[in-house]
Amino acid sequence: MSTTIIGFPRLGEFRELKFTTEKYFRKEISEEELLAAAKDLRAKHWNIVKEKGITEIPSNDFSHYDNFLDAAFLFNVVPASVQNLDLSDLERYFALGRGYQGEKGDVRALPMKKWFNTNYHYIVPKFEKDTQVKLAGHKIFDEFQEAKELGLNTRPVLVGPFTFLQLSDFEEGVKADDFVDSLVAAYQEVFAKLAELGATRIQLDEAALVKDLTAEEKALFLNLYNKLLADKKGLEVLLQTYFGDVRDVYADLVNLPVDAIGLDFVEGKKTLELVKGGFPADKTLYVGIVNGKNIWRNNYEKSLAVLEQIPAENIVLTSSCSLLHVPFTTANEEFEPALLNHFAFAVEKLDEIRDLDAIRNGQGSEALAANKELFATERVGENAELRARIAGLTDVDYTRLPAFAEREAIQEEAFKLPALPTTTIGSFPQTKEVRAKRLAYRKGELSQKEYDAFLAETIDEWIKWQEDIDFDVLVHGEFERNDMVEYFGQNLSGYLFSKNGWVQSYGMRGVKPPIIWGDVTRLNPITVKWSSYAQSRTNKPVKGMLTGPVTILNWSFPREDISIKDSTLQIALAIKDEVLDLEAAGVKIIQIDEAALREKLPLRRSDWYEDYLDWAIPAFRLVHSTVASDTQIHTHMCYSEFTDIIPAIDNMDADVISFEASRSNLEILDELKAKNFQTEVGPGVYDIHSPRVPNEGEIDNTIEAILAKVPSKKVWINPDCGLKTRGIPETKESLIRLVEAAKAAREKL
């Protein structure tokens with residue numbers, strides 16, 4: 001057998017790519033310097049993979065921003081507004097992901113969506129009537145050549161044509177079938193050029209095959225691949241899937257003239273069953289056996305038991321998905337060895353793949369023995385009191401009374417807010433000063449008293465500023481928080497925190513998911529101090545800001561020894577205690593963010609309710625079920641596709657929900673109207689993930705579009721997400737325009 005991985009993290013061991021790219025954005029280094037730094041980083045990563053004994057090394061899994069955006073740029077699926085900018089290729093590329101506002105023009109960023117059921121986000125290209133699909137880029141060739149010059153014959157990786165079409169947007173009057181021939185021709189041109197350069201095999205990532213497929217989608221897939229594989233230009237083709245099984249197309253897949261097929265044996269419920277039913281002897285099977293999404297050590301005995309059942313003759317061991325979704329290495333962590341031994345980040349997963357290959361080939365007995373010993377030892381005990389509390393929950397604990405309509409009237413009288421009330425999602429910019437003070441406090445260089453004084457002063461400034469520009473519902477800004485999950489986890493039992501466990505989320509932004517190690521309980525009040533302080537500084541309502549249980553779970557590395565449902569209920573009870581403490585402290589509007597609710601929704605619709613929504617939605621209701629009727633519960637959701645789960649979202653029984661809508665052209669509003677959505681809504685009126693400031697009239701037009709779909713009495717005006725990562729000048733300018741636009745819209749009601 002041989003070994004490989006689907007892809008490797010790209011930010012770098014210490015997020016070098018992030019920091020270098022941000023210097024470029026700030027014009028502190030040149031384009032040439034950025035490209036040189038990226039080239040050095042790629043070489044370092046390839047060398048790591050090689051030294052770990054992995055026999056097939058991928059290339060083009062690196063990206064300056066997003067691999068899906070790379071494919072759009074490669075195939076010229078770029079809007080005319082960006083094509084026409086008098087900028088370099090790299091500047092136009094970044095304009096697609098971040099937007100551009102400068103002397104050369106003003107364009108918005110392309111939409112951003114969750115990458116399947118992960119916390120990674122991809123940039124969504126749009127096929128327009130005048131889109132001319134053709135080979136227009138050279139990144140895939142450049143990186144293959146770079147590796148070749150280092151003595152490595154890599155396997156280039158590229159988003160497959162079916163997934164590329166499935167996950168892209170289309171202008172009205174345009175459909176995927178219109179681009180099949182031109183896209184196939186462009187892919188074949190890539191094949192030909194790679195073959196010319198000396199490549200022998202290409203990896204086409206077709207993750208969209210693990211979803212429910214209609215007859216039309218299957219027909220599109222087969223049409224694409226029958227045409228594409230008719231002339232492979234001398235290359236071998238690996239069709240790689242991940243995040244689930246390919247039950248809808250397996251029979252067709254194994255009969256295609258591909259040379260290799262990659263399947264997920266970790267998340268693919270039916271993968272083993274499908275393969276045991278037969279796999280062609282003339283194809284190589286890439287077995288995704290090491291989990292690319294979680295950080296726990298692989299149980300070698302369990303993996304070997306799966307491998308023994310696979311009838312395929314030609315096997316390559318690989319990760320279940322790209323290692324992009326886990327941190328770089330445990331080598332820089334400071335956990336006790338007894339803890340650290342249980343974790344495998346990207347570099348350690350290379351060891352696991354190599355170990356499994358060696359054991360299967362009659363070697364690696366020491367590695368197997370050590371692994372057996374690790375899994376034979378009990379890792380963590382149970383919290384009996386917590387388990388009893390969960391066992392005692394009944395239907396009443398998940399139901400808030402009175403019903404929404406009655407609460408809505410009570411809250412209208414209690415708060416007396418104007419029509420189209422204005423608010424923000426929660427966080428304000430975390431400046432260098434804020435981060436420096438937090439670091440100094442952590443290092444003991446700043447006393448508790450000094451740090452508290454700084455936070456109080458900062459909160460005072462922003463409360464006053466919000467009052468000055470006449471926001472209706474204020475926020476305290478979350479200056480004390482490093483991360484919306486880690487901050488809570490630090491006050492919960494059962495959590496561990498890595499020092500350098502960064503994972504890419506979107507663009508150059510990384511998140512550092514905490515690790516759920518054991519049973520979760522609240523250790524002490526978490527947010528009451530600063531939320532109640534902020535409320536004491538104003539007569540206007542200030543929102544208490546919490547992260548919801550489903551998001552805390554989904555943005556953590558979950559346990560594998562108990563179900564995610566049970567872990568979520570534990571977290572829900574901890575957050576419930578916090579909600580009640582906030583309410584008792586006089587905070588009457590409480591936002592419980594469920595930014596990641598959609599994230600772990602199963603990819604197959606048939607699994608949505610039984611496997612997820614039937615416990616995730618009640619877990620949210622459990623958190624707020626016992627608050628008073630005049631306490632208003634808000635929730636917020638980030639970049640996701642919600643249109644297909646609108647009834648479930650309404651069933652969360654929040655009083656107000658805010659969500660991203662600006663980048664996706666308010667598409668969700670039609671569905672809210674169609675489903676008679678009851679919860680009050682705050683569709684984001686401008687995109688905070690781009691540094692551009694909305695133009696004069698831009699927010700006014702967005703509000704007008706919202707009011708055409710949603711009754712004004714149901715509408716709140718807010719940005720589409722928190723403002724932590726933005727700069728102060730752009731934030732203030734944008735929010736002033738938001739308040740002005742809301743007031744102007746009120747005048748027209």
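Cβ coordinates come from backbone N, Cα and C, glycine included.
For His689, the entry in Swiss-Prot reads active site, proton donor. In the three-state DSSP assignment, the secondary structure recorded for His689 (active site, proton donor) is coil. Cβ neighbour count for His689 (active site, proton donor) (all protein chains, 10 Å cutoff from its Cβ): 22.
In the three-state DSSP classification, Lys114 (5-methyltetrahydropteroyltri-L-glutamate binding site) falls within a strand. Here Swiss-Prot flags Arg15, Glu16, Leu17, Lys18, Lys114, Trp555, Glu599 as 5-methyltetrahydropteroyltri-L-glutamate binding site, drawing on sequence analysis.
Look at Asp593 (L-methionine binding site): DSSP puts it in a strand. Applying an 8 A CB threshold to same-chain residues 6+ apart, the list for Asp593 (L-methionine binding site) reads Gly426, Met484, Met545, Leu546, Thr547, Gly548, Thr551, Thr635, His636, Met637. Per Swiss-Prot, L-methionine binding site is recorded for Ile425, Gly426, Ser427, Glu478, Asp593.
The Cβ of Ser427 (L-methionine binding site) has Val475, Gly477, Glu478, Arg481, Met484, Met545, Gly722, Leu723, Lys724 as same-chain neighbours under 8 Å, each 6 or more residues away in sequence. The annotation L-homocysteine binding site is assigned in Swiss-Prot to Ile425, Gly426, Ser427, Glu478, Asp593 on the grounds of sequence analysis.
Feature annotation from Swiss-Prot assigns Zn(2+) binding site to His636, Cys638, Glu660, Cys721; the stated evidence is sequence analysis.
Checking the recorded positions (Ile425, Cys638, Glu660, His689, Cys721) against Lys114 (5-methyltetrahydropteroyltri-L-glutamate binding site) with a 10 Å Cα-Cα cut-off leaves Cys638. Here the binding-site residues are Arg15, His636, and the one ringed by the most other CB atoms within 10 angstroms is His636.
According to DSSP, His636 (Zn(2+) binding site) sits within a strand segment. Between the farthest pair of Cα atoms in the L-homocysteine binding residues (Ile425, Gly426, Ser427, Glu478, Asp593), the distance is 13 Å. Annotated L-homocysteine site Ile425, Gly426, Ser427, Glu478, Asp593; additional same-chain residues within 8 Å of its Cβ mean position, judged by their own Cβ, are Thr424, Val475, Met484, Met545, Gln591, His636, Gly722, Lys724.
Glu16 (5-methyltetrahydropteroyltri-L-glutamate binding site) and His689 (active site, proton donor) have their C-alpha atoms 21 Å apart, to the nearest angstrom.
The recorded positions shown are Arg15, Leu17, Ile425, Glu599, His689; of these, the one with its CA atom nearest the CA of Cys721 (Zn(2+) binding site) is Ile425.
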